[in-house]
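Listed features, source TrEMBL:
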- A:GLU487: active site, proton donor (ACT_SITE)
- A:HIS102, A:HIS339, A:ARG433, A:SER460, A:HIS538, A:ASP546, A:HIS550, A:ARG597: substrate binding site (BINDING)
- A:HIS142, A:GLY191, A:PRO192, A:LEU193, A:GLY233, A:ASN262, A:HIS339, A:PHE514: thiamine diphosphate binding site (BINDING)
- A:ASP232, A:ASN262, A:ILE264: Mg(2+) binding site (BINDING)
- A:430-602: domain 'Transketolase-like pyrimidine-binding' (DOMAIN)
- A:HIS102: site 'Important for catalytic activity' (SITE)
- A:HIS339: site 'Important for catalytic activity' (SITE)
There are 2 protein chains.
Amino acid sequence: MASTSSLHLSQALLARAVYLHGSSSDRVSLSFPSFSGLKSHSPCKAAATSSRRRGACASTSVVRAAAVETLDQTTEVSLVEKSVNTIRFLAIDAVEKANSGHPGLPMGCAPMGHILYDEVMRYNPKNPTWFNRDRFILSAGHGCMLQYALLHLAGYDSVLEEDLKEFRQWGSRTPGHPENFETVGIEVTTGPLGQGIANAVGLALAEKHLAARFNKPDNEIVDHYTYVILGDGCQMEGISNEACSLAGHWGLGKLIALYDDNHISIDGDTEIAFTENVDQRFEALGWHVIWVKNGNTGYDEIRAAIKEAKAVKDKPTMIKVTTTIGFGSPNKANSYSVHGSALGTKEVDATRKNLGWPYEPFHVPEDVKKHWSRHTPEGAKLEAEWNAKFAEYEKKYSEEAAELKAIITGELPAGWEKALPTYTPESPADATRNLSQQNLNALVKVLPGLLGGSADLASSNMTLLKSYGDFQKNTPEERNVRFGVREHGMGAICNGIALHSPGFIPYCATFFVFTDYMRAAIRISALCEAGVIYVMTHDSIGLGEDGPTHQPIEHLASFRAMPNTLMLRPADGNETAGSYKVAVVNRKRPSILALSRQKLTQLPGTSIEGVEKGGYIISDNSSGNKPDVILIGTGSELEIAAAAAEDLRKEGKAVRVVSFVSWELFDEQSDEYKESVLPASVTVRVSIEAGSTFGWQKIVGSQGKAIGIDRFGASAPAGKIYKEFGITKEAVIAAAKELS
Amino acid sequence: MASTSSLHLSQALLARAVYLHGSSSDRVSLSFPSFSGLKSHSPCKAAATSSRRRGACASTSVVRAAAVETLDQTTEVSLVEKSVNTIRFLAIDAVEKANSGHPGLPMGCAPMGHILYDEVMRYNPKNPTWFNRDRFILSAGHGCMLQYALLHLAGYDSVLEEDLKEFRQWGSRTPGHPENFETVGIEVTTGPLGQGIANAVGLALAEKHLAARFNKPDNEIVDHYTYVILGDGCQMEGISNEACSLAGHWGLGKLIALYDDNHISIDGDTEIAFTENVDQRFEALGWHVIWVKNGNTGYDEIRAAIKEAKAVKDKPTMIKVTTTIGFGSPNKANSYSVHGSALGTKEVDATRKNLGWPYEPFHVPEDVKKHWSRHTPEGAKLEAEWNAKFAEYEKKYSEEAAELKAIITGELPAGWEKALPTYTPESPADATRNLSQQNLNALVKVLPGLLGGSADLASSNMTLLKSYGDFQKNTPEERNVRFGVREHGMGAICNGIALHSPGFIPYCATFFVFTDYMRAAIRISALCEAGVIYVMTHDSIGLGEDGPTHQPIEHLASFRAMPNTLMLRPADGNETAGSYKVAVVNRKRPSILALSRQKLTQLPGTSIEGVEKGGYIISDNSSGNKPDVILIGTGSELEIAAAAAEDLRKEGKAVRVVSFVSWELFDEQSDEYKESVLPASVTVRVSIEAGSTFGWQKIVGSQGKAIGIDRFGASAPAGKIYKEFGITKEAVIAAAKELS
């Protein structure tokens with residue numbers, strides 16, 4: 001396993017950090033002697049109303065004294081405190097300037113933030129995407145000024161002083177929540193609570209998988225940790241329980257979550273809605289749990305906890321770090337008022353006095369700057385060492401190196417698309433969920449980063465990779481992931497996998513209707529540009545007897561309306577292959593494949609190339625781009641449109657049949673192409689789709705007719721429901737005639 | 001508290017049930033002596049591959065022997081077993097006839113099902129909606145044949161033999177998952193996993209609230225339990241952790257959940273994805289936990305557990321009942337193959353042999369029938385007793401009785417709508433979230449069943465009822481519910497409250513974008529006809545700096561496409577009041593109110609009556625229903641449309657401004673009315689809405705223009721984003737001119 005050497009390396013780094021701390025000068029703290037300790041006007045005063053806070057505060061001085069005694073490094077501690085206060089005031093000042101934002105978390109979490117970025121984590125600020133970096137996720141994304149301050153101190157070019165001053169402004173690189181597509185150095189987009197911790201599970205899964213697949217006894221080329229800071233809000237969300245249950249099950253030993261236990265959420269003390277025993281819950285989930293009682297100033301406690309967490313290799317660790325939200329603010333600390341609003345000039349001044357901070361807004365003291373400056377050369381060195389290691393690896397294990405490289409760079413192997421299966425009208429009728437499985441099993445042979453699974457429906461979604469076993473605690477090199485009945489966690493974990501390395505192509509599956517359970521994660525895929533493939537089967541009333549709770553109606557429309565999302569509904573084998581081609585190529589947006597439970601005919605005229613255009617003609621007996629009628633179908637209803645066309649043609653009509661597999665892709669075509677498929681002059685248009693007609697007016701026009709379902713489904717055999725709901729060839733023919 | 005006397009009552013019932021069992025004849029089991037015990041061909045055979053199963057099976061005979069020894073009621077046990085096997089075979093036979101369904105759960109859960117419906121629960125089969133009935137929720141809804149069989153035996157007219165034979169067929173009363181709107185006696189719609197247990201939390205909350213509000217020391221008029229059966233799938237879903245965390249926090253002592261711990265889900269043994277310690281997690285959530293090791297035949301164990309659960313009054317109880325899925329099937333028990341498919345003729349025969357069941361399909365043995373027949377008179381008696389109690393209550397506490405009656409019947413107090421606030425154009429500009437709070441606080445004075453709260457955003461969503469305190473463990477009579485950051489659980493809990501009694505009007509709140517977290521629960525509101533009010537604030541890019549993760553774009557469209565859902569986006573005070581009027585009146589569909597964070601002008605022409613029509617004219621300077629231009633807006637953009645109209649009118653145009661507050665309500669108006677608002681002849685139509693344009697083509701027509709946002713939002717002050725995204729008066733004017 002990789003963990004042994006990684007621990008040595010990180011311990012060495014820790015030791016070096018301590019050494020550097022000891023040797024650094026401390027000019028400013030000397031000229032402000034009161035700085036190294038809390039002033040008598042302690043922020044704990046504000047906490048006195050909460051009995052639980054009182055305990056934490058009471059222990060503060062004791063713990064600090066003990067730390068000082070042990071390490072005998074008073075200068076050192078004062079520089080750490082100065083750095084921590086720099087972080088606090090960068091956050092305070094930026095929120096103040098924007099008059100918008102969340103100062104409370106950065107003020108409370110600055111100590112753990114400092115220790116992570118300054119003492120623990122391995123990264124290269126000048127190449128933030130260096131593959132083997134430790135990953136950090138701020139799951140409590142509203143506290144993003146913490147991370148911006150840390151990136152700034154650590155030397156990331158993406159967050160310069162002017163960026164901090166532009167916090168939450170139009171076009172800035174410091175938006176109101178962490179956005180990986182806006183700020184280099186941010187791993188994933190967080191903010192909606194609970195997503196980040198689930199993303200982190202995905203990142204840690206990715207590391208464990210790659211390490212097991214590629215590491216050699218003499219060369220552990222994959223070896224990093226994933227750190228998370230999450231808050232009370234993340235803990236309350238169901239998604240975090242789902243993801244953390246899986247993390248425990250998988251034994252993700254290199255996942256270390258720091259829980260900012262500050263007992264305050266927007267509505268006030270968490271006592272009003274959150275009195276569960278979080279430690280015990282995490283133990284039940286199979287985590288190692290540590291409690292840092294003084295997260296405000298107990299630096300050694302935090303260090304010791306992280307060290308302990310790293311030593312536990314078979315379990316993820318949750319470090320509960322009890323902190324005071326808005327630490328340092330004499331009148332607002334430990335209250336909801338510091339959570340999500342600027343402190344206000346008066347309280348900013350009071351906080352400056354209270355923490356002994358004489359500087360102008362946005363000032364980073366020279367010794368703090370100097371102290372942090374070492375991360376640039378150190379990061380370069382870390383990467384150079386790793387590059388040398390990789391060169392060794394490549395020499396000795398060329399095949400594996402090539403595969404790993406493909407995952408690191410995201411470059412698709414030349415000719416990969418030749419693996420896609422092809423079909424003819426003579427190929428046997430089949431459900432698109434089965435055809436999907438043929439594609440997955442063909443693609444996994446050529447795409448080293450393809451892996452995934454289902455939320456306990458593998459045998460219904462048809463997602464098993466037959467040549468692989470299960471990704472499990474002791475078989476992490478395998479590629480079938482078993483998510484259990486945890487759709488939301490599954491989606492967010494896949495986002496984490498996708499954003500770990502560009503060559504990962506995670507897929508996940510459930511019934512299409514249960515996208516409702518994971519919609520927030522799918523939206524994050526779209527927003528943060530994670531090319532996750534959502535394999536969504538049982539995509540209509542065609543699933544039959546399970547009834548309306550299981551039958552999607554509005555889901556196609558709801559995803560067509562979602563930005564940066566590809567909603568694909570293939571009709572047969574060729575279209576399923578085309579959908580996979582599109583999904584694999586589109587690494588910066590998610591693809592949702594709506595697939596049938598029921599068998600579908602292989603249709604003449606369907607093609608991979610057609611799918612790539614989103615909408616295309618599969619058959620036509622008209623000439624001069626002037627059909628009498630255009631029939632439009634998607635997925636399982638395309639064969640109904642085709643059958644209706646045959647009948648109408650027998651009656652002498654010039655009928656065009658258009659497959660509308662992806663609205664988004666069609667929208668992206670040229671006006672000429674669009675006109676060639678849907679000429680403006682032809683108003684007799686009938687669409688058929690076993691789902692909501694919402695939105696179809698755009699395609700069929702004011703004079704066309706959309707056949708669909710604008711009510712909930714029913715429990716009965718599929719054929720019966722189709723008939724009763726009028727999703728039939730006869731209905732298409734009748735509509736075409738009525739409009740003609 | 002109500003619990004003391006209720007325990008006495010239920011204990012008395014239990015005693016009576018046992019007495020009746022002892023006195024009932026047992027003809028059939030006498031003629032089939034082998035019936036009373038498991039045949040040598042034990043279903044445990046199939047379980048031998050799983051070590052955990054082995055333990056459970058090994059203890060079976062011991063526990064049964066002990067039970068027999070203690071009670072010395074061999075005849076009794078044999079009748080119980082016969083009843084249990086009746087339940088099993090009704091399920092087996094119905095699934096077999098439909099060739100579709102889930103026999104595994106009913107076969108494994110028949111013992112607990114029997115004990116609940118035959119020995120424990122208080123209900124009146126001839127009046128299934130009797131207010132004070134115990135509620136039962138099958139959270140693992142796929143096992144619905146269990147409940148249909150129980151309702152059938154218990155004498156509910158909704159599930160006759162012919163209904164069982166029509167399982168999963170078109171138009172039947174026995175659909176593929178439990179649907180409260182199809183089958184009288186089903187409390188809520190379940191099937192999507194985890195929803196049911198969360199609904200049950202809502203039902204138990206409702207009981208605790210009403211009991212605290214209405215019970216008197218001499219008359220505990222509200223007093224029932226809520227029972228749930230949930231499975232491994234429900235346990236894995238995040239929503240169940242959210243809801244159960246709240247149940248523990250609230251100390252819902254009369255909520256008793258039986259966890260069907262069968263270790264099998266669709267993908268096989270739960271070991272592959274679910275190895276957490278569920279007992280420990282529930283203890284952490286503040287539940288009392290009991291383990292019934294032998295749920296297959298340990299009747300006394302199950303009885304004792306329920307008795308113990310009832311004795312624990314300050315905590316909900318989870319009884320983990322270890323069972324064998326498909327118990328009795330010699331070749332399929334304890335495997336995923338029995339989860340969701342018919343057994344097949346051969347295995348049905350083998351199971352009949354194994355369990356000693358000589359009867360034809362769907363047969364209920366006479367002694368079983370006779371035994372269960374007592375529930376009809378007993379249920380009538382229970383209700384009569386309660387009616388007498390209520391008459392007493394009414395005499396002594398007339399005011400409370402009237403209020404409780406309103407909640408029980410759902411009748412709205414006469415003239416309630418007069419409480420709705422009204423506004424004039426001179427009223428101060430305000431955010432619709434604030435106006436919403438004025439409505440809530442006005443309505444709570446006249447609507448006894450109104451209660452609700454927010455997912456930790458009460459002070460942002462503006463949902464606090466100022467004249468009430470918090471619903472908490474020790475103050476359950478209050479009406480502000482604190483859900484914590486648990487949107488999904490919140491929605492499902494509100495569904496439970498709504499379906500407890502017709503007069504409950506639960507509301508719940510979060511930011512509009514986070515409907516993504518609770519969409520599955522909202523869909524269930526729509527499907528199961530629960531008139532929950534969703535108070536969704538921060539409804540567009542108008543929230544500003546929080547950025548794209550917090551800015552809804554596609555959400556309006558996504559709900560407009562959802563059947564039986566009212567999506568309302570009011571523009572000012574009158575429209576907010578109108579939206580509340582609609583929401584309160586519509587008790588059989590949910591209303592989603594999209595409300596602004598930012599201040600909005602009170603507009604001339606808006607009205608409650610207008611809102612009730614969905615779309616209506618707020619100003620017009622044309623004549624003869626022939627405006628040059630129709631400008632259409634919703635919510636915060638209606639004032640932009642109104643301002644654009646003023647400018648255009650100054651230039652001599654005849655301009656109509658239409659508020660399109662609810663598409664669904666407009667769709668329900670007559671063709672004449674629609675033509676009077678949107679005359680077909682007027683094709684110059686411009687819509688403006690700060691959301692996806694998806695779907696707007698239906699309103700503006702092929703020649704109109706929809707101004708909206710078809711990309712993700714941005715982090716910046718709201719005004720800046722509106723400008724950059726072109727959601728402006730200038731854009732409306734330009735579009736109108738371009739089209740004219």
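Positions of Cβ are set from backbone N, Cα and C atoms, glycine also.
TrEMBL labels come from automatic prediction, so no person has curated them.
Positions of TrEMBL features highlighted on the structure.
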residue: A:HIS142; record: thiamine diphosphate binding site; contacts (Cβ under 8 Å, 6+ apart): A:GLY101, A:HIS102, A:LEU105, A:GLY176, A:HIS177, A:GLY191, A:GLY340
residue: A:PRO192; record: thiamine diphosphate binding site; contacts (Cβ under 8 Å, 6+ apart): A:GLY141, A:ALA520, A:ILE524
residue: A:GLY233; record: thiamine diphosphate binding site; contacts (Cβ under 8 Å, 6+ apart): A:ALA140, A:LEU193, A:GLY194, A:SER265
residue: A:ASN262; record: thiamine diphosphate binding site; contacts (Cβ under 8 Å, 6+ apart): A:GLY104, A:LEU105, A:GLY108, A:GLY231, A:ASP232, A:THR322, A:THR323, A:THR324, A:ILE325, A:ASN334
residue: A:HIS339; record: substrate binding site; contacts (Cβ under 8 Å, 6+ apart): A:HIS102, A:GLY104, A:LEU105, A:ILE264, A:SER265, A:ILE266, A:ILE325, A:GLY326
residue: A:GLU487; record: active site, proton donor; contacts (Cβ under 8 Å, 6+ apart): A:ALA455, A:THR510, A:PHE514, A:THR515, A:TYR517, A:MET518
residue: A:HIS538; record: substrate binding site; contacts (Cβ under 8 Å, 6+ apart): A:ARG433, A:SER460, A:PHE511, A:PHE512, A:VAL513, A:ASP546, A:HIS550, A:PRO552, A:LEU595, A:SER596, A:ARG597
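For the substrate site listed in the record, the two most distant Cα atoms among A:HIS102, A:HIS339, A:ARG433, A:SER460, A:HIS538, A:ASP546, A:HIS550, A:ARG597 lie 48 Å apart. When secondary structure is read from DSSP and collapsed to three states, A:ILE264 (Mg(2+) binding site) falls in the strand class.
Among the binding-site residues A:LEU193, A:ASN262, A:ILE264, A:HIS339, A:ARG433, A:ARG597, the ones whose Cβ sits under 8 Å from a Cβ of chain B are, in sequence order, A:LEU193.
Counting every protein chain shown, the Cβ of A:ASP232 (Mg(2+) binding site) has 23 other Cβ atoms within 10 Å.
The local packing around A:SER460 (substrate binding site), expressed as other Cβ atoms within 10 Å of its Cβ over all shown chains, amounts to 19. Ranked by Cβ neighbours within 10 A across all protein chains shown, the binding-site residues A:HIS102, A:ARG433 are led by A:HIS102. Cβ neighbour count for A:ILE264 (Mg(2+) binding site) (all protein chains, 10 Å cutoff from its Cβ): 28. Reduced to three states, the DSSP call for A:HIS142 (thiamine diphosphate binding site) is helix. The Cβ of A:ARG597 (substrate binding site) has 24 other Cβ atoms within 10 Å, all protein chains considered. Taken residue by residue with DSSP, the residue listed as 'active site, proton donor' is part of a helix. Within 10 Å of the Cβ of A:GLY191 (thiamine diphosphate binding site) there are 26 other Cβ atoms, across all protein chains. Within 10 Å of the C-beta of A:HIS550 (substrate binding site) there are 24 other C-beta atoms, taking all protein chains into account. Across the residues annotated as binding thiamine diphosphate (A:HIS142, A:GLY191, A:PRO192, A:LEU193, A:GLY233, A:ASN262, A:HIS339, A:PHE514), the two Cα atoms farthest apart lie 34 Å from each other.
For the domain 'Transketolase-like pyrimidine-binding' (A:430-602), the model gives a mean pLDDT of 98.
Other residues of the same chain near the Mg(2+) site, with their Cβ within 8 Å of the Cβ centroid of A:ASP232, A:ASN262, A:ILE264, are A:GLY231, A:ASP260, A:ASP261, A:HIS263, A:SER265, A:THR270, A:ILE325, A:HIS339. A:LEU193 (thiamine diphosphate binding site) carries neither a helix nor a strand DSSP state and counts as coil.
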